[in-house]
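Below: one structure, written as structure tokens.
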Amino acid sequence: MTLPAERDFSENQITASRTGVNMDWKQERERVLNGAKRVVVKVGSAVLTTGLGVDLAVVRSLAGQLAQLHDRGTEVVLVSSGAVAAGRNVLRACCEIKGMPDKQAASAVGQSRLMHFYNEAFEEHGKLSAQILLTKDDLKSRHRFLNARNTFASLLQWRAIPIVNENDTVAVQELEFGDNDSLASLLINVVEADLYVNLTSASGVYADNPDTTENARVLDVIEDVHALNLDTMCGGKTSVGTGGMYSKLLAARRAAQLGVPTLILSGREPDAIVRAFSGEMLGTWVCAEAKAVSRRKFWMAYNTDPAGVLVVDDGAVRALSQGHKSLLPAGVVRVDGNFQRGALVRVTTLAGVVVGVGLCNYTAADLRRVLGMKSAELKAVLGDNQYPEAIHRDNLLMDAVV
């Protein structure tokens, strides 16, 4: 099956779709799939591997479909799991894999084999592939983040297809992405993609948990991914992967905040990518937010782990969520953790619900001294070492997926 030629869209059409004017989700889906310039595609272990190792038929099918996207002018960045599973299969006869060091060693064995399979599959279609291994620390540093962006830019300019995985061999717990769904959602910002495709072992997102509901229905669309109760909808993790639908929807939430829609699609359905891009209604379309956050704010919120927590009162929650205000010391009732000025912190309700993350203008110690104080009272306690805002709204991301 082949893809139709890419269509052109006027600037007016693009602007209307981004603001949600006169365009329903089906029109938006068609517009994005027809006009996507750069796509991040993520495939997990549950799709790529079986109990016997990497499924070469899936690798070849995936490479062939992505080559068709590439031929029509769409740049593709592939995020692929499967290294640990591939290595475990090779080592099964001779080695017992127990703890994290063994898992990292298995990834080292499996990653080279996985890339060999991809290289051969893409070469059959005349495509150049490239391996990129990342840890969270590579994106945490702004300097290294920009270096990574420049590397991707060069590869894409050369018409290569970057294949990305977490660098399991050197990653320690505090530097792990947790799963490749999280990694892929951050790469959307790195490469400035306009579409995220997440390939899963399911047919899409189910309206009910398919493990407990007979004939569970696949959702065609999720228009407000932030409104979902993920604990109710999502089952547990798959046996060979580290993710599951829960992590896929968290990644879709991040993408939506950046103004990027997500297509959650079966990775084992024959030609599913090609068919979806040709107009067939497969999978679940997750709509982007009409008003995207800035790429700077997205990087700030998701490439550094929060160093503490600010617990705020109900009035502050309303001011932040409804009035889009800055967080003032008057609204903070408790500070958890010890952090320096400029650290990323979570903002939670009295009940512990996370409402956002932001950069705190105070050290934890100084903020504890002025809890609940009005702006006019701050100078008497801290002198000139005070700010009107605990977190300025320009440095605050509401509904952060953390």
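Indices start at 1 and increase along the chain as displayed.
Keep in mind that glycine also has a Cβ here, set from the backbone N, Cα and C atoms.
Residues SER81, ASP168 are given by TrEMBL as substrate binders; from ASN89, ASN180, that same site also lists ASN180. In this structure the residues listed as binding substrate are SER81, ASP168, ASN180; their two most distant Cα atoms lie 11 Å apart.
Considering only the binding-site residues SER81, ASN180, SER247, the Cβ with the fewest other Cβ atoms within 10 Å is that of SER247. Shown are the binding-site residues LYS42, LYS248; the one with the most C-beta atoms within 10 angstroms of its own C-beta is LYS42.
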